[in-house]
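Annotated features, as they stand in Swiss-Prot:
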type	residues	note
ACT_SITE	68	active site, proton acceptor
BINDING	7, 8, 9, 10, 11, 12, 69, 150, 151, 152, 153, 173, 178, 179	substrate binding site
BINDING	38, 68	Mg(2+) binding site
C-alpha cells in the first residue's frame, strides 16, 4: 500500500512516516508539481477534506491522506484555531507563529492557560472520503522550552506532564499526540477498506 500525503510540511510528514512504518508514504510534491491549496473551510475537518479531495483529483485512484491541525486557546477566543499555520501572517514560519502566540499571552499577563490541539485527518480513496479526529488537552505557557517537535510544541504542556512537547521524548509525544490519535483511527479505517 502507498499513501500520498497532501502536505509539504516536513514535520507532519516525518510524524506520519513514523506512524505508518512499513507503508510507503510519499508527499504529493514527489509525484506532481507542488501548488497552493486554498484552505477556505471553517473547521479543521473542512480543510482536511479540501486538501485530500484536491490532491485526489490530481492523482485519481490513489489513497490520499490530508491533515489539518492546530492549537486553540479558549481564553483568547479560540485562536489561533484553524489559522494556526498562518497566525503570524501569510508565509510565517513555525517560529513566527509560536512567538506571536507567546506575545498574545504576555500582552494579557497570562503565564499559563488551558489550550488544546485538534487534528482532523481526511482520507480520499477510491471508496470515498473518510475522516477522523484526535485531541490533546493541556496548557500553553508564555515561553518556549525545548527544541523537539515543531510548531507550538515548545509552549504546550500536555495534561499530566510538567514538560512541554518541545522537551518531551518523541516516543512520548507520539503516544499522546492529537495527530497520533487521529492517525491511529485512520489506520484502522485504511485496514478495513483494504480488506
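Glycine is treated like the rest: Cβ placed from N, Cα and C.
Structure coloured by features recorded in Swiss-Prot.
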{"residue": "7", "record": "substrate binding site", "CB count, 10 Å": "20"}
{"residue": "9", "record": "substrate binding site", "CB count, 10 Å": "17"}
{"residue": "11", "record": "substrate binding site", "CB count, 10 Å": "14"}
{"residue": "38", "record": "Mg(2+) binding site", "CB count, 10 Å": "9"}
{"residue": "68", "record": "active site, proton acceptor", "CB count, 10 Å": "26"}
{"residue": "69", "record": "substrate binding site", "CB count, 10 Å": "25"}
{"residue": "151", "record": "substrate binding site", "CB count, 10 Å": "23"}
{"residue": "153", "record": "substrate binding site", "CB count, 10 Å": "25"}
{"residue": "178", "record": "substrate binding site", "CB count, 10 Å": "23"}
(request) In whole Å, could you give the widest CA to CA gap in the substrate site formed by 7, 8, 9, 10, 11, 12, 69, 150, 151, 152, 153, 173, 178, 179? (result) 21
(request) Reduce the DSSP letter at residue 178 (substrate binding site) to three states and note it down. (result) helix
(message) In whole Å, how far does the CA atom of residue 38 (Mg(2+) binding site) lie from that of residue 68 (active site, proton acceptor)?
(response) 12
(request) Taking only the Cα atoms, work out how far residue 178 (substrate binding site) lies from the residue listed as 'active site, proton acceptor', in Å, as a whole number. (result) 11
(message) Quick check for the class: what is the C-alpha distance, in angstrom and rounded, between residue 151 (substrate binding site) and the residue listed as 'active site, proton acceptor'?
(response) 13
(message) DSSP secondary structure for residue 9 (substrate binding site), reduced to helix/strand/coil, please.
(response) coil
